[in-house]
Amino acid sequence: MQWRMQMLFQRKLKIRFLFLLFLALLVHLVMDFALPTTHRSCGCDTKASKAMGVLSGSSMPASLKKLSLRILQDFSGSNGSLEKSSQPERAGLHLRAGEPGVQQQHEEANAGWTRGSKLAALFEHPLYNIPVPEVTEKDKLFIVNPMEKFSLRSSRSDEWVSSSKAETLLPTGKTAYDTYPTWLKFHIGINRYELYPRRDPLLPTLLQDLATQRIISSVQKSGGTQLKLIMTFPNYGQALFKPMKQTRDQETPIDFFYFSDFERHNAEIAAFHLDRILDFRRIPPVSGRLVNITKEIRDITTDKKLAKTFFISPAGNVCFYGECSYYCSTEHALCGKPDRLEGSMAALLPDKTLAKRRSWRSPWRRSYHKSKKAEWELNPNYCAQVRETPPYDSGHRLLDLIDMAILDFLMGNMDRHHYETFEKFGNDTFLLHLDNGRGFGTHSRDEPSILAPLHQCCSIKKSTYLRLQLLATQPYRLSDVLREALAADPLAPVLAEPHLKALDRRLEKVLVAVGHC
């Protein structure tokens with residue numbers, strides 16, 4: 001009996017001893033994992049933190065603290081829908097060039113999407129960092145009252161509040177400028193020298209808004225030869241919508257006249273990015289978007305003429321055609337799959353009642369006739385008389401026109417009959433490169449007549465020529481940087497590969513033309 005009691009006692013002792021060992025091991029593991037990263041012997045966390053630009057041993061990166069603060073401020077602002085649609089790393093970009101904190105915010109916003117890319121390297125090149133003249137008050141399109149806040153109004157939307165409640169919802173410690181929606185900041189930033197700055201911190205957010213903001217109204221745009229819609233957002237912002245008419249791999253038939261060609265939505269998107277890569281920055285921001293024809297056009301339109309043109313195709317797809325000069329019929333209807341339709345969304349410029357624009361007939365305008373030719377096509381010395389005609393007889397207007405011709409040649413756009421400028425700035429300002437939908441129609445053939453201003457005048461800006469030479473080199477090849485820029489668009493791939501390859505071929509032809517001069 002006593003022997004059995006001893007055996008039982010020893011067994012219990014062994015079990016307790018093993019339990020204590022297991023408990024000690026468990027406590028050791030917990031304490032090991034609870035130690036700060038700086039006390040561990042492994043260097044992987046240190047390497048990771050360095051790769052992220054964070055010093056090892058810091059309890060919380062300063063950038064994350066700032067990002068958290070900015071996000072809180074954004075969601076306390078008046079424009080809830082705009083901020084909710086923005087990606088976190090792009091949230092809170094409220095300042096333009098010349099405003100305090102722009103450089104720091106730009107570096108934080110662009111660190112993720114440009115690091116290690118050809119496009120980023122291009123924009124860091126000295127040719128893309130040539131300073132613009134100092135912008136004075138008279139050089140700004142608008143003089144803004146610094147005390148005027150963006151007003152709100154009541155509506156059925158939860159994104160609006162009454163103006164009496166607006167003051168309590170505005171971010172504290174911010175200027176009135178910070179209450180403006182992105183589209184309004186874009187308008188305010190326009191000046192004599194550029195439509196938007198090179199390193200515009202607003203650009204990613206503005207493109208995001210064009211692609212994601214809720215559409216509350218869709219009506220036809222008056223004028224023009226093909227169907228376009230004006231779409232309105234809850235924050236009063238508006239965009240010009242051009243619907244998809246051709247697939248990416250379709251080319252304009254060789255027997256088509258330039259004035260009867262389709263307007264392509266992807267050409268508008270690609271033109272904006274190409275214009276930016278050339279450092280012109282004269283095309284308003286454009287983003288691709290997949291639109292629901294039923295919910296975002298048919299059900300909300302107040303345009304009775306447009307509403308009458310909707311129908312269901314034999315395949316069960318929702319279609320419409322609107323009213324316009326060309327291609328607005330049942331045979332040329334725009335159909336969704338079943339109601340989804342691609343299109344380009346271009347930020348609208350300020351209303352002409354607020355910022356008047358002057359339309360100029362291009363000296364190298366085509367005849368827009370099936371058999372007649374324009375004077376410049378018959379007279380090889382045509383440029384001489386252009387040089388004697390205002391406003392081309394002084395300033396940089398003629399050189400700006402040649403810039404535009406180079407842009408059009410690269411795109412294959414023959415439809416440049418007019419251009420516009422902001423009236424406030426007179427003749428000493430940039431040209432607006434609007435309406436680029438007839439570009440990128442062909443990739444297998446080039447149209448040398450588009451370069452007539454360059455051939456006949458034998459003039460080009462030195463900065464333009466140097467950038468074109470740069471874009472012809474392997475590290476900054478034009479097709480590569482444009483491909484990279486377009487990859488971020490919601491409708492990527494925006495251009496078929498042959499169109500990108502054609503850019504390099506055409507760029508060489510531009511450089512050869514300059515060499516001949």
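Cβ from N, Cα, C; glycine included.
Database features (TrEMBL):
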| type | residues | note |
| --- | --- | --- |
| BINDING | Gln226, Lys242, Glu263, Ala346, Ala347, Leu348, Leu349, Glu420, Asp435 | ATP binding site |
| BINDING | Glu263, Asp435 | Mn(2+) binding site |
| DOMAIN | 310-517 | domain 'FAM20 C-terminal' |
| ACT_SITE | Asp415 | active site |
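Shown on the structure are the features that TrEMBL records.
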residue	record	Cβ contacts under 8 Å, 6 or more apart
Gln226	ATP binding site	Lys245, Phe262, Glu263, Cys324, Ser325, Tyr326, Tyr327, Cys328, Gly437
Ala347	ATP binding site	Trp183, Phe186, Leu206, Leu210, Gly237, Ala239, Pro284, Pro285, Val286
Leu349	ATP binding site	His187, Ile190, Pro284, Ala355, Arg357, Leu432
Asp435	ATP binding site	Asp415
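Counting other Cβ atoms within 10 Å of each Cβ, the recorded positions Glu263, Asp415 show the lowest value at Asp415. As a whole number, the greatest separation of Cα atoms within the ATP-binding residue list Gln226, Lys242, Glu263, Ala346, Ala347, Leu348, Leu349, Glu420, Asp435 is 20 Å.
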